[in-house]
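Over in Swiss-Prot, the protein carries these features:
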TRANSMEM  33-53  transmembrane segment
TRANSMEM  77-98  transmembrane segment
BINDING   83, 182  heme b b562 binding site
BINDING   97, 196  heme b b566 binding site
TRANSMEM  113-133  transmembrane segment
TRANSMEM  178-198  transmembrane segment
BINDING   201  ubiquinone binding site
TRANSMEM  226-246  transmembrane segment
TRANSMEM  288-308  transmembrane segment
TRANSMEM  320-340  transmembrane segment
TRANSMEM  347-367  transmembrane segment
């Protein structure tokens, strides 16, 4: 009798994806982040579901309902802390996953890469609408400021903003629809993840060398199931440490005050994972220009496959491009820091230099480095 694992219509899909999947024998720990993101998504959906059972999407009771979850619901404080800090873990894994893709040339699997960029945008949208739900000061003013950016769109901008708000300001209608979006988007993300995996399994995984690994493949189970399990445990350790010892470390103190539309927050500051994009937005004094730069900072990922000039796929054997990659990493860390600072000198000029450097590195310097490395590899005699 043939193994059920290989014949059952449903089980064989799981088998081809997680058990008998041929995987390169040399993929490093940088390839763990895909499965870690899957784990993060499951954690977020489960904790979110339990929070939604007790949360009320109403301007009068939203803040109190979150306090009620933390005080009166069994382990409500833990569920909320896991959900809030789980978002930070999600983005940490996302950034490392994207960074891995850029470093090792995984973006040359164009369909997988493009779906990945769409996933990144969807997760960012989910996190933004989710941040509004506790209805604290930063929730309210964050929602007001970020949705207001759409008013920079010529002609239809103001109409669009009021349509999203459901009125003439961020109010009950806005909160209700943001809760609806926050509930539905993770399921859309799950569907996109399946498409992402579908395209990935058409080509198979890339590997650190960037060379075709077909001649040396090993089964996913037990090798990478064990390796992923170690990654899960380490991630869970970090998440639990964060949620249990310093749950509010990454949050904003302003969000402990209920939203007051009459009192303006002294500084509008998104969560840490949006600060790099926020810094790019603020570095341009023109509203429409800032919005376009904000969009470009993420959408630039879509053109990275077109900017690949090297004859080699990975950066593993390309020291000049490696140097530029780590400069880009330092640049993004600088932007993240600047995004959290007030709009005054010297932060303004640092932000502007870092923003220009970000686009310059990706669009000009890295493609040029690829061409130069090609030239250096050619025999000169």
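Residue positions begin at 1 at the first shown residue.
Every residue, even glycine, has its Cβ placed from backbone N, Cα and C.
These figures come from a predicted structure and were not determined experimentally.
The structure, with features from Swiss-Prot marked on it.
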residue: 83; record: heme b b562 binding site; CB count, 10 Å: 21
residue: 97; record: heme b b566 binding site; CB count, 10 Å: 20
residue: 182; record: heme b b562 binding site; CB count, 10 Å: 22
residue: 196; record: heme b b566 binding site; CB count, 10 Å: 21
residue: 201; record: ubiquinone binding site; CB count, 10 Å: 14
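Within the same chain, residues 29, 32-33, 35-36, 39-40, 43, 78, 81-82, 84-86, 88-89, 93 sit at least 6 positions outside the transmembrane segment (226-246) and bring their C-beta atoms closer than 8 Å to a C-beta of that stretch. Taking only the Cα positions, the spacing between residue 196 (heme b b566 binding site) and residue 182 (heme b b562 binding site) is 21 angstrom. Sequence-remote contacts of a segment are chain residues at least 6 beyond its ends whose Cβ falls under 8 Å from one of its Cβ atoms, and for the transmembrane segment (77-98) they are 30, 33-34, 36-37, 40-41, 43-44, 47-48, 50-51, 66, 69-71, 116, 120, 123, 127, 130, 235, 238-239, 242-244, 247, 250-251, 271-273, 301. In three-state terms derived from DSSP, the residue listed as 'ubiquinone binding site' belongs to a helical segment. Counting Cβ pairs under 8 Å that are 6 or more residues apart, the transmembrane segment (113-133) and the transmembrane segment (347-367) reach fewer than 3 and are not in contact. Between the CA atoms of residue 97 (heme b b566 binding site) and residue 201 (ubiquinone binding site) there is a gap of 17 Å.
Counting same-chain residues at least six beyond the ends of the transmembrane segment (347-367), those with a Cβ under 8 angstroms from any Cβ of the stretch are 279-280, 282-284, 293, 296-297, 300, 304, 307-309, 321, 324-325, 327-328, 331-332, 334-335, 338-339, 341.
Distance noted between the C-alpha atoms of residue 182 (heme b b562 binding site) and residue 201 (ubiquinone binding site) is 29 Å. In this structure the alpha carbons, written CA, of residue 201 (ubiquinone binding site) and residue 83 (heme b b562 binding site) are 30 Å apart.
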